[in-house]
Amino acid sequence: QPDGTVAAPHAFPSSSVQVPIPIACAAMAAGEPPQQGRRYWRWSKADFFPEPSFQSWRAYGGALAATAPRLRDRVAARSSEAVEAGTLLAESENPLRRCLSWVDLAFLGFGSVVGSGVFVLTGQEARFDAGPAIPLAYAAAGFSALLSSFCYAELATEIPSAGGSFSYLRVELGDMAAFLAAGNILLEAVVGAAGLGRSWTSYLAALFGLDTDALRIHVPALAEGFNLLDPIAVVVLICTSALAMSGARLTSTINSLASVIGIVIIAFVIGAGFSHFHSSNLVEPTFFPFGAAGVFRAAAVVYWSYTGFDMVATMAEETKNPGRDVPLGLLSSMSAITVVYCAMSLALVGMQRYSEIDPNAAYSVAFAATGLKWARYVVALGALKGMTSGLLVGALGQARYTTQIARTHMIPPYFALVHPRTGTPVYATMAVTLGAACVALFSSLDVLASVSSISTLFIFALVAVALLVRRYYVAGRTPAKQLRTFLAFLALVVLSSIGLSAYYNSRYARRWPGYAVFGVGWAAGAAGLALAAKQQRQPKVYGVPLMPWLPAMSVATNLFLMGSLGSMAYLRFGICTVAMLVYYVFFGVHATYDVAHSATAADVVAENVEQGKIVPGSTLPA
């Protein structure tokens, strides 16, 4: 640069240098010119496993022999804002395009959430878990989601990366925590898209007046829950992902137009629902047919319907002014969505007794039962629109998560490549879509919803912890005494939250002493953070209000809802986590270790970005 600084290689024009940062730095250190642009459509071993550990079987054997010290290195490693939102971007070879405003983000949040939750899960949870109290389940889940959205808003303004929660955790909690989150993010992406795809088929059948499973293929030889094949869901997933690959600006515009139509349909559903509202449906036989436990069980599952807001955070890298636009887009969309969900779920249980609700296409069948047979087509059309928008925005956000994970080499860097013409991560989108299509073809909605919810709640709890760590700990600057004080009170908050959740789901749930003990423990931990621990960092643009009470409450609500899920959800979650750790030990740890240690010049670049000698956001001439 004219002022003596060096431009960070993450905003390359099409004629610029397009090589991974360690390779580029090594070449510059050796006085060699970096490689010029390569073809996007390529497929080679070097694109998937470029790290030294995978160059030969002998090299891989040596890497495996050094697994223990490499694991210790990776567990202790933490990234930085400059790396996540700066130097890593060179791995994509082409930049994601900054083209979105806060209005776009608000519509993306609204489009990704409304339709995927109310139309998909309300009937199932009202029928089997919450009964007429389903609005309270949505309110509880919405409160928890709103707390999480505050945490996301601050972190997204501080670390405006496509990686969202993955990047936040890599910076604040280290590589191992980030990897566990990465695995669950990808699991959530695949399972969430698959669930929406299958629900799309159910509502299409309802639109034609058929049974909700009529368009699926029954295969008796397969296990229950996996024996209804859904090829229509596969086609829908492929079509929406193809549109998402065409560009963020085009996708956002289409979503905004579709969301306006969706708002009109939602207004009709609420108005028509309350015009056929019968208060007796709320109290016969009782408002809480499954007890308070059923409400919280339902809240844990319908939490899945709020997960679109974290997709908004992944668009920070493509937002014109992330410091202003991300908080506005996140908080405005989440507030509106919570109100809409509570109103729509109340309209449903007021129209029809909970025991008669169709769990697959609840609103369409409920309107038909009240005599408004024509309304079922409007509702089914609105649900299809909402789920299509959810799939569309989900394809955008999920691919950005995958892109950032690939930039770190936790998964092959091939999936980090951004197409030079569309400015979208085509390979990452294709990978998530393929996984979701395979799952959607076989798995039923109830199986998918519980797996997705537990992954989402786990990640949101980690993000709240990461925000507390960010405020109260700065490496190399926080005194040891302050760090011990902070960790003690943070541990008290987390352990009390876990204890409260476990106690509520134990056979002692009706006894009050346990709630008093764990409640006091949580309050003491939060108060200790507020009064005894000293904040080490202040937010630059936007900060969460009521620090540390709000993020501490976010930890508690997410862990409490996790505890409300059934044992099968934990079994599936455990199996998936073990599979992730096996992959990490055999591949991820070695790839990330090589990237961290293969070129000291890369470390120099990252350090210079931190110190302001390299200017993020500028270009590097060829």
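Placement of Cβ uses the backbone N, Cα and C atoms for every residue, glycine included.
Any TrEMBL annotation is an automated prediction that lacks curation.
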Looking at the candidate ranges 221-242, 485-506, report the one that TrEMBL labels transmembrane segment. 485-506
Transmembrane segment range according to TrEMBL, out of 22-41, 102-121: 102-121
Would you say the transmembrane segment (451-473) and the transmembrane segment (569-587) are touching, if the rule is that at least three C-beta pairs must lie under 8 angstroms and be 6 or more residues apart? yes
With contact taken as 3 or more Cβ pairs under 8 angstroms (pairs 6 or more apart in sequence), are the transmembrane segment (485-506) and the transmembrane segment (102-121) in contact? no
Which listed stretch (176-194, 326-349, 426-445, 451-473) has the most C-beta pairs under 8 A with the transmembrane segment (544-563)? 451-473
Intrachain neighbours beyond the transmembrane segment (286-306), with Cβ under 8 angstroms and 6 or more residues off its ends: 113, 116-118, 120-122, 124-126, 128-134, 136-138, 140-142, 144-145, 192, 195, 334, 337-338, 341, 354, 449-450, 452-454, 456-457, 504-505, 509, 560-562, 564-566
Of the residues in the domain 'Cationic amino acid transporter C-terminal' (542-591), how many are helix, strand and coil by DSSP? 40 helix, 0 strand, 10 coil
Does the structure show the transmembrane segment (426-445) and the transmembrane segment (133-155) touching, where I'm treating 3 or more Cβ pairs under 8 angstroms (sequence separation 6 or more) as a contact? no
